[in-house]
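*Asks:* What TrEMBL lists as domain 'GTP cyclohydrolase I' is 29-204. Here TrEMBL flags CYS98, HIS101, CYS169 as Zn(2+) binding site.
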Amino acid sequence: MSQHSFESEELDGYIKIDKYNTEKVDRIASHYTDILESLGEDPKREGLLKTPERVAKALQFLTHGYDIDAAEVLRGAMFEEDYSQMVVVKDIEVYSLCEHHMLPFFGKAHIAYIPNGHIVGLSKIPRVVDIFARRLQVQERLTNEIRDCIQETLGARGVAVVMECKHMCMAMRGVQKQNSVTTTSAFTGAFQNDVTRSEFLRLITADLA
Ligand SMILES: Nc1nc2c(ncn2[C@@H]2O[C@H](COP(=O)(O)OP(=O)(O)OP(=O)(O)O)[C@@H](O)[C@H]2O)c(=O)[nH]1
Ligand SMILES: [Zn+2]
């Protein structure tokens, strides 16, 4: 178990309220009592009494991806199948925290792979996204980590990842641009070919559903 570990072994990709690491909750909460005081707040007023503990639990949830092995999640639902066309899962919601300000960035991920003998349970693709997103991240590394995990675990003929996110550190503070969206992409194998990549880009922009 890593230093980030929760007490529960049965995470199923999500943390339940009774499964927080209580020692870590207490430690983080005590810092937040100090932070509230430093902000000129009164941590003893009614509305703030439980805030340090709430924040500690929220932060553990928002970083619980450190405790889950994404490759193992994929391996849990890999099936031999003679299908060699592109599989695309698009519009996957993403919520992450930027590692510079620990403020949210959020948006969508669009993912495709071309099987090479094995397909994977569809739900596992968004699960992999969450496992890497629920950490302190930059969008570029998040994009690459998702690509590499799917590529290496499935041995796919190619993997494509496109992410479009809004960064609250650019909206609520700093440069204060409310409408800017950052797009990142990462490709392997067959997606390095212009025709295949264009088909993927067409599929994620098409309104098919
Ligand atoms: N490349 C990249 N940069 C990010 C991401 N999230 C936040 N940042 C940027 O990280 C940078 C940190 O820059 P600094 O100059 O050290 O921090 P800062 O003074 O708070 O910068 P400002 O946000 O410009 O006020 C900022 O430009 C952020 O916009 C991300 O996912 N990828
Ligand atoms: Zn930031």
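Cβ atoms here come from the backbone N, Cα and C positions, even for glycine.
Could you give the neighbours, burial and distances for every feature on this list?
*Replies:* Taking a C-beta cut-off of under 8 Å and a sequence gap of six or more, HIS101 (Zn(2+) binding site) has these contacts in its own chain: CYS169, ARG173.
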*Asks:* Give me the non-local Cβ neighbours of CYS98 (Zn(2+) binding site): same chain, 6+ apart in sequence, Cβ-Cβ under 8 Å, ordered along the sequence.
*Replies:* PRO104, PHE105, LEU136, GLN137, VAL138, HIS167, MET168, CYS169
*Asks:* Given the recorded Zn(2+) site (CYS98, HIS101, CYS169), which additional residues of the same chain have their Cβ within 8 Å of the Cβ centre, ordered by sequence?
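*Replies:* Checked against the 8 Å cutoff, the neighbours are LEU97, GLU99, HIS100, MET102, LEU103, PHE105, HIS167, MET168, MET170, GLY174.
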